[in-house]
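Participant: Take this structure first; my questions come after.
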Amino acid sequence: MASSRLGVGSRGLPPPPPLLLLLLLLLLGPWPAAGHGGKYSREKNEPEPPPQREPGGEFRMEKLNQLWEKAQRLQLSPVKLSELHADLKMQEREEFAWKKLKAEGLDADGERAAKLLRNLSVILAKYGLDGRKDAQAVNSNYLSDTAEDDSLGDPKLEKLWHKAKSSGKFSSEELAKLWRELQHHREKVHEYNVLLDALSRTEETQENVISPLDVSRVKEDVLHNKHAELKDRLRAINQGYDRLRQVSHRGYGAEAEFEEPRVIDLWDMAKSSNFTEKELESFREELKHFEAKIEKHNHYQKQLEISHQKLKHVESFGDQEHVSRNKEKYAMLEEKTKELGYKVKKHFQDLSGRISRARHNEL
């Protein structure tokens, strides 16, 4: 059975409702279009809401369009929606790649399919699309320079945060940086727990083969690899917490090379991998470009949120010309933020893959 779940806060993370069947249905085929009831059904007699997008939707896969529409109904913030859009784009890219492999007779052991299920499970939980009321507790919106709400959902992280705030060793910019790092660490813990739960359900299904819907039949060696992956994630989480504890006590030193949490994580992993000195130096330079890309994306996220607030303000006055101009600006910022979000996530995936391959070559 998978290793123990990491607690987040005194409440812990309650196990989410069983999602294996739902995720299998999501992965294995396009969903049937809604609204095929009889002539007396509500769908046939009520007018359909006007489409918000051009015909064809945001994504090529209907199931992802339905998840996107659900997120819009939940009224997530513009920044959260742009992050979700990038995640769904990455999921779509991976699913089409998997379908191509499947058509060529590859992925016979179902490892790639199982990974897609786990990735989708993380997305559903991260954005509150899995039906859990508390699923949106993890917030990847780094718009505030200061934390008005000091709740991180984890007493250990909150203790570090309050110690740093009261120490007098941090400037306002450094406190903002530390807050982002603490939030990022919380997200990593949450993602670890979601993946752990998905793996546990997979194991239970393997042990109790009760339905032909269990198409994955993941082999024992694949499960072993997934346990090793989770073990690596847990080790990275523990190392990250140790580093945050040291920073909260001593403050940031002048030797810090990077500012963004994701870049710091990648650099720490790269230094412990099998890169040569020349490869490591090249990787450092690429991380600098990646950090600049993240900063540009963060800038557009801030501008998008400001534009959203301004649009809500001018809409209350009813000046159509003013509203129209603000809508155009908002739409431009929205598309640019989505585009940059996808590029950042793809770049992060490529860099992570390079590190994984380097570590694999060590074995």
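Using N, Cα and C of the backbone, Cβ positions are placed for all residues, glycine too.
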Participant: Among 49-76, 161-188, 273-300, find the range that TrEMBL records as coiled coil.
Facilitator: 273-300
Participant: By Cβ distance under 8 Å, which residues at least 6 away from the ends of the coiled coil (273-300) in the same chain are close to it?
Facilitator: 142, 257-260, 262-263, 266-267, 333, 336-337, 340-341, 343-344, 347-348, 351, 354-355, 358-359, 361-362
